[in-house]
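What follows is one structure encoded as structure tokens, with my remarks underneath.
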Amino acid sequence: MPKLEIYKNLFLDKIGKNFTNLEISELLEPFKAEFDGFDESSGKIKIEFNDTNRPDLWSYLGLARQIKTYFFGEMPYYDFFSKKGDFKKFYGEILVDGKMSQIRPFIFGFLAKGLIINDKMLETLIQFQEKLCQNYGQKRRRIAMGMYNSNFIKFPISYIASSPNHKFVPLGMDYELSLLEINEKHPKGLEYSHIIKNFDKFPLLLDDNNNVVSYPPIINSNNIGSLKVGDTDLFVEVTGIDFEATLLALSIAACDFYDMGFEILPVKTVFREPFNLDFKELVCPYYFQEEVEFNVENINRLLGSNLTLERICLSLKKMGVNSYSKDFKNYIVPPFYRNDFLHEVDVIEDVMIGEGLSSFNPELPKAFAVGRLSPLEEFSRNVRNLMVGMGFQEMIYNYMGSKKDFIDRMNINDQNFLKVSNPMTENYEYIRASIIPNLLKSESVSSNFPYPHKIFEIGKVALRNLDTTEGTSTFTNLAFLMSGKEISFNEINSIVATLFYYLNIEINLIESKTTFYINGRGADIVIEGFNIGGFGEISPYVLNNFGIFIPCSVFEVNINKLMSRS
């Protein structure tokens, strides 16, 4: 979970009131944050958050903004945001190469002017950038942010798919390296190059003088990409693979810079062919969030309350959320810096926090029952212990993912997969029907760790099943992956034999026709005439799709079917 260290004096100055450490601790409670101590020598407060839904709070500026809104009714407003059909005047352009659509497609930015950066401000900005990129940005994979002295940049900026041999001086060095050499030699390249190393070309930011601004998401240029105390005019950009996540990160940054005292000047991003987007250009910061409908009866039913619409709207306003009614329906309008309203229940949570947890009377459960583990869970735990005993490391994955990862890279069709009809992002468009793609994706970013690799997961999968009322079936599967230069079919067959020996289950093997195995090196597992899974060596074609260059063998079985025949 995110942890912050913020200067107490800056924090209190931004709130506009003085508080003791105990009072600060109480101020943080509604926002799932804990006061973790005060260092008198540095003057810093330590704060730890208990969830990751509100990246806008991960700076003293964002926290102060929310505290002022919640406790003192000061609703922030930012007039530099463009909206659909209402683009603001822009002061620079970013031109996006069409080839970037398949690499790291999104980049948005703004200019911040009019304030001289001191040492505390610089430290604050660097910490904010790091928290946003590491946590919300999933260690720069999802989004990454760069900050530059704009006086050294000539617009327009070009965001191109560059040759790996392109050279520039990276930040922290005094000699040129090619992009490929940065990946292999620079500390940041070694840490983050796995994000883009599987592409033939790499992202590069160039200004109109053809000077390198940045190699996102790896490292800035040493000549342009270094902020210093005394700088006044900044260019801030965010690149990413997720449209809304990239825009939100930029919006949060713009609001923080504005609250710090900067003037925010919009920048236009122009997407060139063959981008398949609903728009060809966007002036940012841009308000993209959608309104969410809520129902008063649903709120009162879930909270056990009797709140009026007026009271609900006041509670939402304490959270920085505006609301309105139209045609007998009620809607919330998310703030510029938030995008965590995915469903009506998220609105209800904000109402609950706005009301204050102490305003709800605790109730004892109306029913009492003695709990115990289900037979499936007991069996799964036994299997889990066996896997750990054989030297495997357990993984935990999301059940949802993209068509590219679950289907295209696996070289299979989508007939068994469940597709979400209204996905928020293509990264969560399908529900998995197999755990193997998750294991391969982990392997694709683990090449820096010593071999062999042995990982597994016991988790849910969902398949299309027209014989059921719902049209789907959900199962618990066990899957594991082994990788290494010496890993072969015989090696994994030995592990499979050991597993079923200790489970006291007899199995039969038949040659598998599964398309992601090497021909002749895959087997289906049959028990009492029923196919419950299989194992084999992954084909080089599929390995290449995931950017894996070491042999891998995988195994997957349906634990529900396995248990019923044990």
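Positions of Cβ are set from backbone N, Cα and C atoms, glycine also.
Long-range Cβ proximity for Asp340 (Mg(2+) binding site), meaning a same-chain Cβ under 8 A and a gap of 6 or more residues, is found for Asn53, Arg54, Pro334, Asp346. Summarising the annotation, Swiss-Prot assigns Mg(2+) binding site to Asp340, Asp346, Glu349, Asp350.
Here Swiss-Prot flags 287-362 as domain 'B5'.
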Where Asp340 (Mg(2+) binding site) falls in three-state DSSP terms: coil
DSSP-derived helix, strand and coil totals, residue by residue, for the domain 'B5' (287-362): 33 helix, 13 strand, 30 coil
Binding-site residues compared (Asp346, Glu349, Asp350) - highest count of Cβ atoms within 10 Å: Asp350
Output field, Mg(2+) shell: CB within 8 Å of site CB centroid, site Asp340, Asp346, Glu349, Asp350 dropped: Asn53, Met319, Phe341, Val345, Val347, Ile348
